[in-house]
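Okay, structure first, notes after.
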Amino acid sequence: MDKHISELIGHSRLRDRIVTAETAASWIKNGMTLGLSGFTRAGDAKAVPFALIEKAKQQHLKVNVYTGASLGSDVDKMMAEAGIVNKRLPFQADSFMRKKINEGEILFIDQHLSHTAELVRSDVLNPIDFAIVEAVSITEDGMIIPSTSVGNSSIFVKKARHIIVELNTAQPKELKGLHDIYEVGKQGEREPIPLTKVDDRIGTIGIPVDEDKIIGIVLTNQFDSPSTIVPPDAETSAIANHLIHFLRKEVAAGRLSEHLAPLQAGIGSVANAVLYGLLNSEFSNLEVYSEVLQDAVFDLIDAGKVRFASGCSITLSQNKMKEVYSNLDAYRDKLILRPQEISNHPEIVRRLGLISINTALEADIYGNINSTHVRGTNMMNGIGGSGDFARNARLTIFVTKSVAKNGAISSIVPFVSHVDHTEHDVDVIITEYGYADLRGLAPIERAPLIIENCAHPDYRPQLREYFKEALKRGGQTPHVLEKAFSWHVNYEKYGTMMEPKYQLQTQE
Ligand code: COA
């Protein structure tokens, strides 16, 4: 036992700070602000949040919860069910928490994922009372070695009044050495970030910590929850094929080499499927500079297609998790995990010239993108890192299926009901029907391309009619304002965006 503990906690002075999750939770009081580790279900604090949920059964408790991104292990769900969350930022992806946000019971700040650290560092947000971070070990010189994500853990540890470390023995200890922790320093006083290549190491292997702030260490033994992405289907495979076709044209035009450029791919099933498309392509020696590393990235590494992948979390399906974590040494020279502020940093994204691929809920005929708000009102997950990348990438690509809800919703609409990414940032839109390369095109040139190449054929006549009528009104970006949101209104009223006369046409 002692040997085991000394391996986990190299720093001898910290070994007597082991406490139970219940004791740690007892320190957390109503109204406090917590900075939890965790990014897209990976590396989240697992024991103390649950003890806190139990505690809330006995006494009134509401806390502000800051994280890297979404939490796994149903922590977001159970915190929402227990009603203990006052304010949540910067991202979540749980259906029950989403419901509570949309009912106004949880205040949600939907934030660019690279921004949280800046706001915490400059004391704009509520000060963090407790950082609760998962780790695989604490080194002799007192550095916290994170587990499967870095997220915002390093800034939380730096700024929090107190720190609780969850040492999780279920996570592979071989993760030590994969992280690269770099502190950018204060705005206005900092140097350029010295990262010019995807595989550059610029920091330390762990999070440097003021040991006096660690007031409790909780031992846990629980795997991350596996990702819930579904395998590629006919539509997402078609999207991947269009992407490859587009990239081929870029190579043929001499704008990219066969190694392309460092790739960023967003969260979810569509983005994962799109990466899978590269498996059977001719592109080789690829690099990934992304946020979440999903299953597809590891398959691409295994196939020898990806040379190196830099991210801030590893989020895998059950089977892939077993495969990768039992063989981590094989990936040691091919992986780096960084703080999300660095993985998503605009300076780096622009410098490396990324190809950024993220998923839209809907796009409009001029190229604006809504990634977050269903019918402009209800939060889905959040903007996540998509804005960090979209604004700064060399090539900003948005993918989406052309329709949702069995065709009742067109993902191409006259006017998006919420704007996350403006027409100025969007280079290419891809659906299963094709792609629209919007670069160098004025709004009135973009609309026909998006309608004819990307919209579902059943919705094209209705979109053409809207655009025709809008053109008559003139303007740089023509609209029929009184009809611009009629598609969303129709869906709310009648359960479909399709107008009756076009419904008849599609039935014929
Ligand atoms: N209106 C309403 N609902 C829509 C819709 C639209 N225009 N388009 C899709 N949906 C629904 C789907 O029906 C599905 O609903 P379900 O969960 O009830 O089945 C859900 O949205 C997810 O759609 P899906 O096609 O399965 O895509 P996905 O799993 O790839 O997720 C996003 C798509 C947009 C929700 C997801 O990528 C996201 O949250 N993106 C924003 C954050 C981001 O890009 N982060 C990455 C930065 S690195």
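Each Cβ is built from the backbone N, Cα and C atoms, and glycine gets one as well.
The domain 'Acetyl-CoA hydrolase/transferase N-terminal' annotation in TrEMBL covers 19-218.
According to TrEMBL, the CoA binding site annotation covers Gly266, Ile267, Gly268, Ser269, Val270, Asn381, Gly385, Lys405. DSSP gives Val270 (CoA binding site) a helix state.
Glu291 (active site, 5-glutamyl coenzyme A thioester intermediate) falls outside any helix or strand according to DSSP and counts as coil. Residue environment of Glu291 (active site, 5-glutamyl coenzyme A thioester intermediate) contains 31 other Cβ atoms, counted within 10 Å of its Cβ in all protein chains. The feature active site, 5-glutamyl coenzyme A thioester intermediate is assigned by TrEMBL to Glu291.
Mean predicted confidence for the domain 'Acetyl-CoA hydrolase/transferase C-terminal' (322-466): the pLDDT average there is 98. Look at TrEMBL and you will find 322-466 tagged as domain 'Acetyl-CoA hydrolase/transferase C-terminal'.
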(request) Let me know the largest Cα to Cα distance in Å among the CoA-binding residues Gly266, Ile267, Gly268, Ser269, Val270, Asn381, Gly385, Lys405, as an integer. (result) 25
(message) I want to check the contact list for Gly266 (CoA binding site): same chain, sequence separation of six or more, C-beta distance under 8 angstroms. What comes out?
(response) Glu291, Val292, Ile357, Asn358, Thr359, Gly384, Gly385, Ser386
(message) Using a 10 Å cut-off on Cβ-Cβ distances across all protein chains shown, tell me which of the binding-site residues (Gly268, Gly385) has the largest neighbour count.
(response) Gly385
(request) With DSSP as the reference, give the number of residues of the domain 'Acetyl-CoA hydrolase/transferase C-terminal' (322-466) in helix, strand and coil. (result) 52 helix, 38 strand, 55 coil
(request) Measuring CB to CB from Val270 (CoA binding site), give everything in the same chain under 8 Å that is also at least six residues away in sequence. (result) Thr236, Ile239, Thr359, Val399, Thr400, Lys401
(message) Using a 10 Å radius around its CB, how many other CB atoms surround Ile267 (CoA binding site)?
(response) 26
(request) Provide the number of Cβ atoms within 10 Å of the Cβ of Asn381 (CoA binding site), excluding the reference atom itself. (result) 20
(message) What's the number of neighbouring CB atoms sitting within 10 A of the CB on Lys405 (CoA binding site)?
(response) 10
